[in-house]
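Peer 1: Can you read through this structure? Questions will come right after.
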Amino acid sequence: MIVVGVFFIFEFANENKFDKLSFNADCIYVYSIDDDKEIFSKNPDKKVYPASLTKMMTVYTAIGKIEDFDKKAPIDKKSYQKLVAQNASMAGFYGNEPTTFEDLLYGTMLASAGECADSLAINVSGSKEKFVDLMNENVKNMGLNNTNFKNPEGMDEDDHYSSAKDMAFLLKNSLKNEKFYKIFTTDKYTSTKTLDHPKGIEIESTVLGRLKDYDQDGFKIIGGKSGTTEKAGLCWATLSEKNGKKYIIIVMGVDFDDIKNPGDGQIQDTIKILKNL
């Protein structure tokens, strides 16, 4: 009875520890994969713009439909030109460049590249609209009740939304796929050589590449996806290891003043959570 009481007090104190901390993010969800339980949440079911966290579903959906990852899947020129005009995040490919499905998957996840996400959709389904239908089928299959997608690249759009909890369970389910796990946890990837890029393009994770200047004592962030738009704020979805256990941490809605220099509030929150686990 005493042991049970001590355990209860420890669990209660651990939960309260997070409640007493201050965070930059509007929405947070922390999930233990090994223990299969929620550790902490803040506005977990609030419907918000997911920005490029959308691309986790884009990659997962595409993987399920691609039979040959080395097959040519060129950059769609029309989408490329539109995304350039929108100042979307890009990997550096050109319109009509003869990329492969593998290039597009890594470009979408690591560089958060709009031209790769849209080209994936078009090469897989023939149109963005048909591909988005597949994305939303997966939303239903995963039981994500606060999520609906309208595009594969994550640009702000009416009726395009998700929640921190849904993003955590989207990631949890996606990580069960070996191909997705490998891409999500990759630091750098070099694309196929083309006439436009004879040496290929070196693509670095927008999450893992940011962590070199941050102390990860006692834990390690092993994979992630970033997202930023004016309406969504700064968003991060990460997979981490601490004390032999794996955790999914979602932070969404970190405010910023300048999109060209938005700061690191999402990184601060993620590291603060890991230090207190």
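The backbone N, Cα and C atoms fix where each Cβ goes, and this holds for glycine too.
Pulled from TrEMBL, these are the listed features:
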type	residues	note
ACT_SITE	S52	active site, acyl-ester intermediate
ACT_SITE	K55	active site, proton acceptor
ACT_SITE	S112	active site
BINDING	K225	substrate binding site
DOMAIN	32-254	domain 'Peptidase S11 D-alanyl-D-alanine carboxypeptidase A N-terminal'
Peer 1: Reduce the DSSP letter at S112 (active site) to three states and note it down.
Peer 2: coil
Peer 1: On the 0 to 100 scale, where does the mean pLDDT of the domain 'Peptidase S11 D-alanyl-D-alanine carboxypeptidase A N-terminal' (32-254) fall?
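Peer 2: A mean pLDDT of 97 is what the predicted model shows over the domain 'Peptidase S11 D-alanyl-D-alanine carboxypeptidase A N-terminal' (32-254).
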Peer 1: Tell me the Cβ contacts of K55 (active site, proton acceptor) under 8 Å, same chain only and six or more apart in sequence, or just say none.
Peer 2: T108, M109, S112, A117, P152, E153, G154, K225, G227
